[in-house]
Amino acid sequence: MIKSLKFSHKILLAAALVVIATFSLFTLYNDSLQRASIREDLEDYLHEMGEITASNVQNWLSGRILLIENLAQTLARDHSPETTQALLEQPLLGSTFLFTYLGQTDGTYTARPTSDLPADYDPRRRPWYNAATSAGQTTLTEPYMEPAIHELVLTIASPARQGGQPFGVVGGDLSLQTVVKIINSLDFGGMGYAFLVSGDGKILVHPDKDQVMKSLSDVYPRNTPKIGSGFSEAELHGNTRILSFSPVKGLSGLDWYIGISVDKDKAYAMLTKLRTSAIVAALIAVVAIVLLLGMLIRVLMQPLTDMGRAMQDIAQGEGDLTKRLKVTSNDEFGALAISFNRFVERIHESIREVAGTARQLHDVAQLVVNASNSSMANSDEQSNRTNSVAAAINELGAAAQEIARNAADASHHASDANHQAEDGKQVVEQTIRAMNELSEKISASCANIEALNSRTVNIGQILEVIKGISEQTNLLALNAAIEAARAGEAGRGFAVVADEVRNLAHRAQESAQQIQKMIEELQIGAQEAVSTMTESQRYSLESVEIANRAGERLSSVTGRIAEIDGMNQSVATATEEQTAVVDSLNMDITEINTLNQEGVENLQATLRACGELETQAGRLRQLVDSFKI
């Protein structure tokens with residue numbers, strides 16, 4: 001997009017960016033200065049207002065404290081009931097305090113105005129009494145909400161002494177409405193408000209009654225401000241507040257602070273207005289400067305504009321190379337005009353030389369085209385005759401290839417038959433070997449079965465011995481049983497053992513008889529197996545003789561097939577040699593034809609190039625003729 005802009009527009013854009021950057025930096029710098037100045041003024045103002053308000057509160061409370069202390073000193077001289085009542089009923093005390101009272105060490109309590117109190121009311125157990133007695137001086141209690149009037153109340157208590165000995169405590173309940181009025185009377189131009197807070201963060205006086213007696217952490221859960229010197233910021237209902245705290249000095253027993261909360265956005269509203277004014281002024285200045293620069297650049301760029309028009313006339317007009325630019329100044333534009341005139345002069349000379357060369361090139365191109373057409377005719381005749389020879393050789397080669405293919409097929413079939421005969425011969429030989437091995441294994445099996453039969457005879461003899469032992473054991477067990485019966489009760493256990501031995505001998509005799517029966521069946525089966533294997537051995541020997549005769553016949557067939565295969569291979573070899581000669585001749589003819597075709601194509605390409613050259617030469621002449629030289 002920037003590349004498509006005019007040079008004058010680029011200058012304007014660059015100047016506008018410089019001006020905008022300058023004004024932006026100036027605006028930011030001025031904004032920073034104004035912000036610092038406003039913050040400094042705001043801090044001074046808030047500090048001053050806090051100090052003044054704290055002083056007003058301190059003066060107001062100090063006057064009330066003096067009233068209580070003067071009353072205590074007066075009662076110290078005479079605290080008779082009549083004097084006490086008269087002093088407590090003074091109009092000044094009645095208009096200043098809600099209640100004024102005297103609590104004595106003997107438990108006597110006198111108050112004005114009077115109120116209903118419990119019968120067991122003892123002033124000596126009240127916090128204000130104990131605080132003043134313990135401190136030995138005037139004390140102030142923490143503000144508390146009085147249910148009867150729904151107002152914050154503060155108690156001032158001062159010890160009363162007579163002859164250096166305390167005889168009671170003088171107190172006064174003071175409403176904080178005056179303090180509320182003092183604090184609420186502060187006007188911050190709608191930016192904020194003041195409030196009274198104790199040292200532990202409890203809000204005592206606040207324009208919003210819902211915030212009274214709450215802690216700062218409850219009101220400002222996020223970024224809870226710290227009470228002390230300096231300023232802090234905290235979030236309240238989505239707005240940033242600036243807070244400062246000024247201590248109320250000179251009050252014994254009280255740690256109070258005047259807090260001031262200001263809306264930060266409103267406090268810096270003037271800065272926003274100044275920033276907006278600066279931005280508007282900067283925009284107006286940028287527009288004015290751009291307009292002035294535009295008019296100035298248009299005047300300064302006029303020589304360059306005239307030069308551009310002259311160049312456009314030379315480029316898009318009649319191509320008059322005899323025109324020259326007028327030099328009207330000695331600045332950069334004048335030097336550019338002089339250089340352009342020199343350039344056009346050199347182009348003029350070059351175009352004049354190109355015009356003569358273009359005419360010569362056109363004539364030479366015409367001669368080359370004529371020669372190429374003649375060569376094309378001769379090449380066509382040569383190509384036709386070469387194609388005829390190639391066709392005849394191709395037919396001869398096809399016949400030779402057919403013969404070679406048939407001979408090769410015959411040789412292939414003969415080779416297959418020979419291979420199959422060889423395979424059959426090998427199969428017969430393998431069959432003979434298998435028959436011989438089978439016969440040998442049958443003979444070995446017969447021998448093994450005979451050996452097994454002889455061993456079963458030995459087992460039968462062993463069983464006869466076992467049967468004899470069993471019979472003898474049975475007789476011995478029977479004799480033992482008889483002797484045990486004669487022994488009576490003493491031989492009963494031995495009789496049981498003898499009976500068990502006789503049963504075991506009987507079972508051993510039965511098992512020996514079963515084994516004898518199985519051995520006899522095994523001997524019969526072995527004799528039958530020997531007979532069957534002997535007959536199988538005879539049949540296998542006959543099969544071996546038949547297989548030997550088949551192998552001899554296959555050997556004879558294999559020899560005949562090998563002779564036929566040799567003849568076919570000789571024919572195929574001779575035919576392949578003939579085919580190779582024909583192929584070589586065909587390749588030579590084909591190569592000649594290919595070279596001829598390439599020559600024709602080259603001539604055609606040359607002819608086309610010459611035609612294109614002639615066309616370009618004509619175009620060059622037209623272009624050169626378009627210039628006025």
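Every residue, even glycine, has its Cβ placed from backbone N, Cα and C.
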Region 'Disordered' range according to Swiss-Prot, out of 205-224, 225-244, 305-324, 405-424: 405-424
Where D173 (L-glutamine binding site) falls in three-state DSSP terms: strand
Contacting positions for the transmembrane segment (277-297) when only residues 6+ beyond its ends and CB under 8 Å are counted: 8, 11-12, 15-16, 19-20, 23-24, 26-27, 30-31
Largest inter-residue Cα distance among S115, Y121, R126, P127, W128, Y144, M145, E146, D173 [record-listed L-glutamine binders, Å]: 20
Reduced DSSP assignment, M145 (L-glutamine binding site): strand
Neighbouring C-beta atoms (10 Å sphere around the C-beta of D173 (L-glutamine binding site)): 19
Collapsed DSSP category at R126 (L-glutamine binding site): coil
